[in-house]
Amino acid sequence: MDKRFEWSEAKQLSLFQIFLAFAIPSAIAFTGFRFVLPAVHAAGAPSIVAWPVIASVMLLGFTVAPLWLMHREAKELEISLKERMCLRPLNRKQWLVASAILIVGLIVADATGSLNGIWMGITGLSVPDYFPFFLNPAVDPMAMAPEALTPGFQLKGAYWLIGLMIVTLLLNILVEEIYFRAWLLPKMMTLGTVAWAVNGVAFALYHTFQLWLLPQLIPLSLFMAFVVYYTRSIWPALVFHLAVNSLSVGAIVYLIVS
């Protein structure tokens, strides 16, 4: 049997290092989505294509980096890479409890999502026109004509876009679960029992490039961080994340093939 990964044995980060661990990827993402994306879009690239390409380039780096860091740490702790990646198998009871918590989290996030419009009105935040339609909570893709969703781009029949969106989806899940939860959360144990809460709130705030979703992001991020903290495994969060994000890709696939 593999030696267990005890989170307290991992090299812990200082408060400043924890701040940087969230701030650096946030700054990179903000630069990519708020400066590079509009420039590329203004040059003629449709947002439905430009966004996943730019996202994938940024996400790839934050997928490789934590894997390398955890590989090194696994050797130092004399544990398997699987253990360090928090890919610990769960029993049936743990799966049931984790699933119940995440379902409640999804219900709460769906309820608070109704506050997005109020939040946007108070803060003056808005969805930039160079962002793709699936990042705008006010847009119902099933209720609009495809040409209105992607002006200047023929969505129907663009089968290659399905592959691009799947790659972006998978990289997004890997970064959020492997970097922010599997690598970072165990290194925040100096914060004690509130480590998961700090991780959840900080992860929501990491999304500086789309803060109009904050009322929805905070509860969902908290529930997911708690499940990883409680089970010491990212498996429930991975499966849940894949299921939720697949809905967006599913809508795009439907519009492409219908």
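Residue positions begin at 1 at the first shown residue.
Each Cβ is built from the backbone N, Cα and C atoms, and glycine gets one as well.
Nobody curates TrEMBL annotations by hand; they come from automatic prediction.
The following features are taken from TrEMBL:
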{"type": "DOMAIN", "residues": "160-246", "note": "domain 'CAAX prenyl protease 2/Lysostaphin resistance protein A-like'"}
{"type": "TRANSMEM", "residues": "12-36", "note": "transmembrane segment"}
{"type": "TRANSMEM", "residues": "48-69", "note": "transmembrane segment"}
{"type": "TRANSMEM", "residues": "95-122", "note": "transmembrane segment"}
{"type": "TRANSMEM", "residues": "157-175", "note": "transmembrane segment"}
{"type": "TRANSMEM", "residues": "187-206", "note": "transmembrane segment"}
{"type": "TRANSMEM", "residues": "238-257", "note": "transmembrane segment"}
Give the residue counts of the domain 'CAAX prenyl protease 2/Lysostaphin resistance protein A-like' (160-246) per reduced DSSP state, in the order helix, strand, coil.
83 helix, 0 strand, 4 coil
What stretch of 12-36, 157-175, 187-206, 238-257 shows the most Cβ pairs under 8 Å to the transmembrane segment (48-69)?
157-175
With an 8 Å cut-off on Cβ pairs and a sequence gap of 6 or more, do the transmembrane segment (12-36) and the transmembrane segment (238-257) reach 3 or more such pairs?
no
